[in-house]
Amino acid sequence: MTTAAVPGPSERALGAGEPVRRLIVWRHGQTTHNAAGIWQGQLDTELSELGRSQAAIASAALTAYDPVVIWSSDLQRAAATAAALARRTGLPVHTDQRLREIDVGRWSGLDGGQVRTAYGPMLDAVTRGEDLRRGETGETVGEVAQRTRAAADDLLARLPAGATSVIATHGVAGRALVAALAGIDQHTAWLHFAGLGNCHWAELVESPHGWRIEQWNARAPQPEAPEKEETS
C-alpha cells in the first residue's frame, strides 16, 4: 500500500505539519478497449475483468486516506471504479461530465494502427506536444484542462480543511487536471509526465502557495497489463 511521505524541514516550514486538504486524482481500471489498443475518448466503455480487480485492490489502498467525498466522471469505466471505493467507504459517488476523458473525435473506436494509417502526421504532431484538436473534431488538452479544473474548483470550494477527496477520471483528463492544479504548463506535462496507469493515482496536497504534487502514478500492488496511454 502507498503511504504519504514524512515531511522534511522544508515541508514543515511550509506548514506541512498542519492539517491539509488532499486530492486524489485516480484513473479508472482497465477496459477491454485499453487491452486491445482502441482509442476510446468519450466512448462509454466498461471495465474488463482485470479492471474490476484493479479497482477493488486500489480502493482498499485508498481507504487509508479516509476520503470524505468521491467525485467521478460520468463515463461508466470511471464511475464503476469510483463505485468500488464507495462500497468500502459508504460514501456516495457524485458524477460530473466535466471530468470525462478527452474527446478524440474521429479517432474514437479506431485501433492504433488505423489511427496511424489515416492520421499519421496529426498523431506525430500530438506526440511532439502540439495541442491539436484530436481526431479533427475532438478536443484539445487545453480545453480538457479548463473543464476539469472548473469541476475540481467546484468540489474544492466545499471540501473542509484537513479533508481528502477522490476524483475518479481518465488518463489524459487526469494529467491535465493535476498539471492545472499544480500550475504546470500543459505542454510540459504532456512531454514529461508519464501517463497515469490503470487504477494509478496522483496525490496533491494544498500548501500556502497552492497545490503540490505529493505522489504521481502511485498504486496498490496489483496485476498490471500493457496498454496504450491515450486509449484511456
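Here the Cβ of each residue, glycine as well, is placed from N, Cα and C on the backbone.
Since we're looking at a predicted model, the values are computed, not measured.
Going by TrEMBL, these are the annotated features:
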- Arg27, His28, Gly29, Gln30, Thr31, Thr32, His33, Asn34, Arg77: substrate binding site (BINDING)
- His28: active site, tele-phosphohistidine intermediate (ACT_SITE)
- Glu101: active site, proton donor/acceptor (ACT_SITE)
DSSP on Arg77 (substrate binding site), three-state: which is it? helix
Fill in the CA-CA distance, His28 (active site, tele-phosphohistidine intermediate) to Arg77 (substrate binding site), as an integer in Å. 6
Rounded inter-Cα distance in Å - His33 (substrate binding site), the residue listed as 'active site, proton donor/acceptor': 14
Going by a 10 angstroms cut-off between Cβ atoms, which of the recorded positions Arg27, His28, His33, Arg77 has the sparsest surroundings? His33
Rounded Cα separation (Å) that holds between Thr31 (substrate binding site) and the residue listed as 'active site, proton donor/acceptor': 14
Over all pairs in Arg27, His28, Gly29, Gln30, Thr31, Thr32, His33, Asn34, Arg77, the listed substrate binding residues, work out the largest Cα-Cα distance in Å. 15
So if I measure Cβ to Cβ from Gly29 (substrate binding site) and keep only same-chain residues at least 6 apart in sequence, which ones fall under 8 Å? Leu47, Ser48, Leu50, Gly51, Arg52, Ser53, Gln54, Ala55, Ala58, Arg77, Ala80, Thr81, Asn198, Cys199
How many other Cβ atoms are found within 10 Å of the Cβ atom of Glu101 (active site, proton donor/acceptor), counting all protein chains shown? 26
Roughly how many Å separate the Cα of Glu101 (active site, proton donor/acceptor) from that of Arg27 (substrate binding site), to the nearest whole number? 10
